[in-house]
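Per Swiss-Prot, the features are:
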type	residues	note
BINDING	Asp259, Asp261	Mg(2+) binding site
COMPBIAS	16-32	compositional bias 'Low complexity'
COMPBIAS	102-113	compositional bias 'Low complexity'
DOMAIN	428-481	domain 'PAP-associated'
REGION	1-41	region 'Disordered'
REGION	99-121	region 'Disordered'
Amino acid sequence: MYPNSPSQGRIPLPLPCEQQQPPLEQSQEQPLQPQPLQPQQASGYLSKLPVSVAPELLSPEQFIQASINLHNNVNFARMLMNANLLAVPPVSPPPWSYRDQSPLISPASPSSSFQNRKRRSDEGNIAYDVKRQKFQSPQEQTVNHQAVPLRGDLGCSYPGSPAFPLLQSPSPPVLKGHVPNSGECWLYDHVDTTLPVAKDKLSKQILELFQALQQQVCDLKKKDICRAELQREIQQIFPQSRLYLVGSSLNGFGTRSSDADLCLVLKDEPMNQHTEARHILSLLHKHFYTRLSYIERPQFIKAKVPIVKFRDKVSGAEFDLNVNNVVGIRNTFLLRTYAYIENRVRPLVLVIKMWANYHGLNDASRGTLSSYTLVLMALHYLQTLPEPIIPSLQKKYPECFDSTMQLHLVHHAPRNIPKYLSKNETPLGDLLLGFLKYFAIEFDWSKDIISVREAKALPRSDDYEWRNKFICVEEPYDRTNTARAVYERQKFDMIRAEFLRAWVALRDNRDLYSLLPWKGIMKKMNSL
């Protein structure tokens, strides 16, 4: 179980700086009202500041908050006065106001102490949430909060934490342009999962493997529960953020052992992945490592799209977390539509992924092909048959897959696209054989680009994205090369050789065992 989950009815683990506090008495005593600081009090507070922190760095609101907290939690007041802000759970600074009166001062106002000021080297990492508040406070929406909680409605930084008075951390408003949470509406919608009829031996083997390995609803629910729990944790640092499940867990091509991809969205605008995203992920990596007992082996990987990899001890699932890589949200629903538009697509793609994984072709971190690239290659093959099995959805339904569509519409737009009725009735076994043959001897790797967007092979241009690349697979939305990880001639030759070997073996034997020990894989998967 997740120790901080409110659904479990448990009090979260106390923070290191917390002390057990007696419960607040439900009496008729007068609520504590903020009192202005007397000169001698202010002097006493200032004397507690370290030499490296100038008194003007603390705003009047912080002094008011400290004076109130002094009556309720001595340890917390001492922590604030000693400027030990790293121990304070990060909370985005809200506007300050007294009930119905106008705000005293706004953190965004020119007079705010932290505005337009670089952090000095001797200040350490003081209040990084304030420094990074541009990621947390949307410009189009203003949320009013009660700045000084009274005794009857003291806020807590962590749900259920006992007697730890802080500024109330509000429920974050939904950012404009974001898709709904995966657990809210569409995640468990019924989709047509009718399988094709298999008459030959090879097609039956493919279907049997698919039915044993495909992701189950229970697997998806476990991942989504962890996503929801992590979203609550991350919103303690970035209150305006939303966390989305993307990739194979949602696009229909996942297996029971598939990793789960998460996209943390902080703002609508594109984010610099080299600077902003890395900074945010470094904060989250530290938070996961030090605060979350159910997160195991968090790793911060500084790739082109940086991620934090970790394992959830509760579900046993592996997760990859990125920040603001919103193209992943768009292509998740594009691929999901392809997955269910024709009933041969999912079984074929799954067996291709299992074959590639078994032979070491499915690991972008080791210079081979990512799962996403393999899916695009399979879809491209089905589009380029003399009688296509699937069309280009972006050409046939451009209004549903517009790259400029607001994110909150992305999941809804393709839901009413009907099944594609192809005249091509080729069985699964022949489609698998044709896929291997196409990339073994027919596709021109040196001259062509694989394009699902155009449903054909495009001639290579001299653009930097395609120049001197061994394999070129176009991302349907941002049109980058999803196969850029294959940058070594040795790895490219290995991939081509395996396609050729697999095609010859399957052509001669017409048995899935010639590609991989599929029954052993099924047995191993069922034991998980």
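All positions are counted from 1 along the displayed chain.
Including glycine, each Cβ sits where the backbone N, Cα and C put it.
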Message: Within a 10 Å radius of its Cβ, which of these binding-site residues (Asp259, Asp261) has the fewest neighbouring Cβ atoms?
response: Asp259
Message: Across the domain 'PAP-associated' (428-481), what are the DSSP residue counts per state (helix, strand, coil)?
response: 15 helix, 11 strand, 28 coil
Message: I want to verify one value. Collapsing DSSP to three states, which class is Asp259 (Mg(2+) binding site)?
response: coil
